[in-house]
Amino acid sequence: MDFGSLETVVANSAFIAARGSFDGSSTPSSRDKKYLAKLRLPPLSKCEGLRDSISLEFDNLCSEQPIGKRLFQQFLKTDERHVPALELWKDIEDYDTADDDLRPQKAQAILAEYLDPQGTLFCNFLDQGMVARVKEGPTGSQDGLFQPLLQATLEHLSQGPFQEYLGSLYFLRFLQWKWLEAQPIGEDWFLDFRVLGKGGFGEVSACQMKATGKMYACKKLNKKRLKKRKGYQGAIVEKRILAKVHSRFIVSLAYAFETKTDLCLVMTIMNGGDVRYHIYNVDEENPGFPEPRAIYYTAQIISGLEHLHQRRIVYRDLKPENVLLDNDGNIRISDLGLAVELKEGQNKTKGYAGTPGFMAPELLRGEEYDFSVDYFALGVTLYEMIAARGPFRARGEKVENKELKQRIISEPVKYPEKFSQASKDFCEQLLEKDPEKRLGFRDGTCDALRANVLFKDISWRQLEAGMLIPPFIPDSRTVYAKNIQDVGAFSTVKGVVFDKADTEFFQEFASGNCSIPWQEEMIETGFFGDLNVWRPDGQMPDDMKGITVEEAAPTAKSGMCLIS
């Protein structure tokens, strides 16, 4: 075994040990006591001023923010007047994610318990006309069956109950968490593991948050390389989009900070590797995927693209190596450095961006384009997943970009026998040369794609709720990445000097914690439950008063929590 191979074996062993069962988020022994001690709720004297600086908008505070939602629901549970609305809210959410065979029974239970005046939790705040329409309508497994009721319930809760919440101890507890969330964070909070890959401006490595033990991927953008190659705009756009979009089909940004040499984006770690690696490297004798596996990934990519396009974001770099698998075998799209956000009133953009072989004809011709370019790239990606080669060149064929451009613009695509008629037809609709005729995002949704016969066996509701079992589940003992020596190294960048404007850009970039992923981390790793301790008499907890109590180090399954 040469030194390079030995280095990979050692690095892989350390990485696998750190991530534990797979995500490394529930191993108390992996937590650093020094940083663990810093995760403590502050006294109210330090955080009450946040009341004037945070958004007090109901949806953001009580629905979108995970800790905010939990605390608001805990508050509602303490007042019997609000319990019917709380339980209806929770039961409708449960109905929306339930298996189809369970939904009729759950629907009947909702009708009997909350809409019948004789029900134990009758919701008298609901408009009786709306209730009558729901009762008269079809019951069973219909999507959106109870959405009018849910909207009315949240509207009710956003009035009097919300105002009561803002004056409660539960809201003060929320302010404590927001103070903790806002504390500075930097590279010293993270432990680096092996390099997973390389991008245009730096490496991506596995890392572990020292306080919680949660594993992440850290994308390091070399400052000098960014400046020399004029990469500031792409870096800040990627960071802003990742922080803005929260989707189970797009990698999430948890932290952003700077080091002496790099700008760092700490994101969802995708332990299953990228789709390109699986196409060509997992089974080299039989590259490519069976069609059902390719269809499953395509469906998840469609949902991710829809979430981007609904926020007016053109991705521009969809390809197999930017589609990553998580622990369970579900995918997320990543690397949004080439994405562009359309301004209000702007329907198209212009500019040469993307990867040769994946760029749409209108983009290659220098024309204005819209979201449709991403669906052309989806067609190329689906084709490659099935055929183990691109649609415009043979596997291993070296083609000059000029020739490749000509093929994309004018030549028809040929399909090998591996394609069923349905997958061929779907690909052809995506690889349509005319963007006006191309299948894609229409009227704010991807429903036209979902309706295609290719997805007849996909339950889109369950897919988007994360309830389907993927066709391939990664092995927790395997590192799905190239050997370290095959990743390659960057050459040293010389002759770059930073000025005041550079420093200001770096400081703007290093914004610290991202609210929703940070709160999810606190919940998933058990810290929310461990620190959210209340007195049995309902009086103000000691931590709010600033009274320190000697506590044991929290664990993911601690019994300290009274309400979680």
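In case you wondered, yes, glycine gets a Cβ from its N, Cα and C as well.
Since this is a predicted model, take the numbers as computed values, not measurements.
The record from Swiss-Prot ties L196, G197, K198, G199, G200, F201, G202, E203, V204 to ATP, and of the options K210, K214, K219 it ties K219 to that site too.
Checking Swiss-Prot for region 'Interaction with RCVRN' across the ranges 1-15, 256-270, 301-315, 331-345 points to 1-15. Neighbours of L196 (ATP binding site), defined as other CB atoms within 10 A of its CB across all chains, total 25.
Most Cβ neighbours within 10 Å among the binding-site residues G200, G202: this distinction goes to G202. In the structure as shown, the Cβ atom of K198 (ATP binding site) sits within 10 Å of 15 other Cβ atoms. The Cβ neighbour count for V204 (ATP binding site), using a 10 Å radius over every protein chain in view, is 21.
Look at T492 (phosphothreonine): DSSP puts it in coil. Cβ atoms within 8 Å of the centroid of the Cβ atoms of L196, G197, K198, G199, G200, F201, G202, E203, V204, K219 (the ATP site) belong to the same-chain residues K220, L221, site residues excluded.
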